[in-house]
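So the structure is just underneath, and the comments pick up after that.
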Amino acid sequence: MSEFGAGAELPGWVADGRSRGELFSPEESRAAAPVGFLQELPSYRSVLRRRAAAGDVQERRGNLWGTAAAELRGPQPEEGERGARPLWELPLSIAEKRRIRDSQADIKYSSGWNQWKRTSSKSWKKALKDIKELSFYVELWRHDIHSIEGKFGTGIQSYFCFLRFLVVLNFLMFILMFSFVTLPTVISNYGIFNSSSAKISLNNTEPYCTVYTPSGNKGLVYFYTYLKDLLTGTGFLEVTVLFYGYYTIDAAWLSVLRYNLPLAYLLTTFACLALSLLWIIKRSVKGFRQNLVHDVNQFQSYCNKVFAGWDFCITDLNAARLKHRSLLYELQTDLEEERLKQKIADRTMKEKLRIFSLRIFINIVVIAVLLACFYCIFRATVFSQENSSGVNSVGFQANLLVQYLPSIVITAVNLIAPQIFSILIRFEDYSPAFEIRLTLLRCVFVRLANIGVLLVSLWSQIQCTTDQCKACGYDYQLYPCWESAVGQEMYKLLIFDFMIIIAVILFVNFPRKMLVTYCSWKPVQWLGLQEFGISDNVLDIVYGQTICWIGTFFSPLLPAIATIKYFIIFYIKKISLIHTCKPASRPIRASSSNFFFLVVLLIGLILAFVPLGVSIAHISSSKACGPFRNFNTSWAVVPETILEFPIGLQKVLFGIASEAFAVPFFMVTCLLMFYLIALAGAHKRVVEQLREQLVMESRDKLFLIAKLTEGR
């Protein structure tokens, strides 16, 4: 190597090839290669250029690392000894290699403390491995998801994995709310285990603020009455553990132990949201890291589609044909994007002004459509709240229609607005990939914003508008227990969304399947089966999950209803996919879809924090129901509980909540964030250097093969 140049190195495979005589003939392998031949390697020339530009920094750094590595290795054993060779190269069985490794580790960790730590670490790792293997066998829907993956690929399989994640998440939220809120209340109310409850005694509250009569039919009770109450959450359901108004105790006593139910109610709600946030972030970090580090260019994307785009999990012939068309479409999309980039680069100033003006006009139309949708939701909510109590004598159908009017309008908006957006975006002259992202972004916004408009409409009705209700802080006549009313709206949205999903499958997809199968009429055959759109289905369940997060505070057992709903939806969607639908002609890859699903879900969770924060911190709590009857707001229970702590602990907690702690904490958080960004940038540079090294290795191979061919 001294002939090659100081500090320069050949690739390892070149050195191995020369030593073993695999690349050159026996005569050439015994003779040293000429210096000029080695210096013609592309990798060597690249190294020389870098050293000339960087002032030989890499050479000094390589020498420094070589010296440090030699000092750390210390004296090496002789070549004939077993320790000179790596353990994996020895011709021994796995058990023998494990015994040798353990004996070497025992020598290394000779002290008793280190030996105990090593043994404990191995035992802990083995226990975690066993638990992981056991959880794999008890994993929910493992066989079903593998079957879907084999027939339809990893793209659709990722949707069902996402649905399973939501089932488990909602079940854990239900366990938290039931264990810390519902169960203590039920035990105290019924005196189980020698327990008792302290009813909330109202202080400084006007008597008319405390009047609460649950809604419902006061006359004869028929089947339709029970059905209406079951669908709307009114009547007999309004006074059950399902809604906020049931929890009217201040403390639960178990022997001498006091359980602060208002504080537990608030903290458990925050715990459910925190669990959701941490779990979503944990699952999305991997995809975010990959997107941050791997900046894929068009050439690499093309190579990935050609050489690594096929999904070998597909075993169904129709799914294989669909995947073939999908790859063809992706390649056509890449070519179309390149054509559009060239078209954008060749645009004149007049064309740029025209397209920008058209995009501004279309975005104004989009904003107008959104405002019209929001106004319809607002008017439907106001009409429903003002007239729902006055149509009991009209009939079951009219009452149910008025009760569900906001849900019907929101569902109609969710169906119509995306169709309008997909038509308008065709005139904006974007690339195909950006069209999909922008359309999905608008659909996500309209779905989640509709829930916000509904809550704003409810708050506009809840807020006090007369002098008489100022003592209560809210409209006590229309909403004697406004938290339960909000919970009922979330309950109706969740139920109606579930009914719409079932109705679409039963009355749209199934008849369409029958027509396509048994009708040979050309328009019917041209229409074909309903496509299983992954993005649309994900938006549906994210919309329902956002409703669940918002409604958990107002209806503590709403996560249980969401768990049952998603559990049934899994089987309904599976049957629909297999028997009545076909996979989308433009599916998305599983690696990108998982990250997209979690990002949309994270947006829904963040938006759920806003109405909950407003309800808890700014709107006066009901004085006729709920665990916060003695507090101006639900958040007021936190500082009042802190005042019961010892003086030293109070100072610490109030200090954490003060600006003196918040400002340094914010600065440290910013520094940590900048450090992580810099670390991600360093990792990205390392990946780029490794890519360049791989490219140079391939060039060296081509160069040596060419030289070998010329020599022959």
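We number each residue from 1, going along the chain as drawn.
Here the Cβ of each residue, glycine as well, is placed from N, Cα and C on the backbone.
Per TrEMBL, the features are:
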type: DOMAIN; residues: 481-591; note: domain 'TMC'
type: TRANSMEM; residues: 161-187; note: transmembrane segment
type: TRANSMEM; residues: 263-281; note: transmembrane segment
type: TRANSMEM; residues: 360-384; note: transmembrane segment
type: TRANSMEM; residues: 404-427; note: transmembrane segment
type: TRANSMEM; residues: 490-510; note: transmembrane segment
type: TRANSMEM; residues: 595-619; note: transmembrane segment
type: TRANSMEM; residues: 661-682; note: transmembrane segment
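Within the chain, the transmembrane segment (404-427) has long-range Cβ neighbours (under 8 A, six or more residues past its boundaries) at 231-232, 358, 362, 365-366, 369-370, 373, 376-377, 380-381, 383-384, 435, 438-439, 442-443, 446-447, 450-451, 454, 457, 489, 492-493, 496-497, 500, 536, 543. Here the domain 'TMC' (481-591) has a mean pLDDT of 83 out of 100. Long-range neighbours of the transmembrane segment (161-187) within the same chain, counting only residues 6 or more positions beyond its ends whose Cβ lies under 8 Å from a Cβ of the stretch, are 140-141, 145, 193, 195, 197, 241, 246-247, 249, 252, 254, 259, 261, 264-265, 267-269, 271-272, 275-276, 279, 283, 538, 541, 545, 548, 552, 556-557, 559-560, 562-563, 566-567, 569-570, 573, 594, 597.
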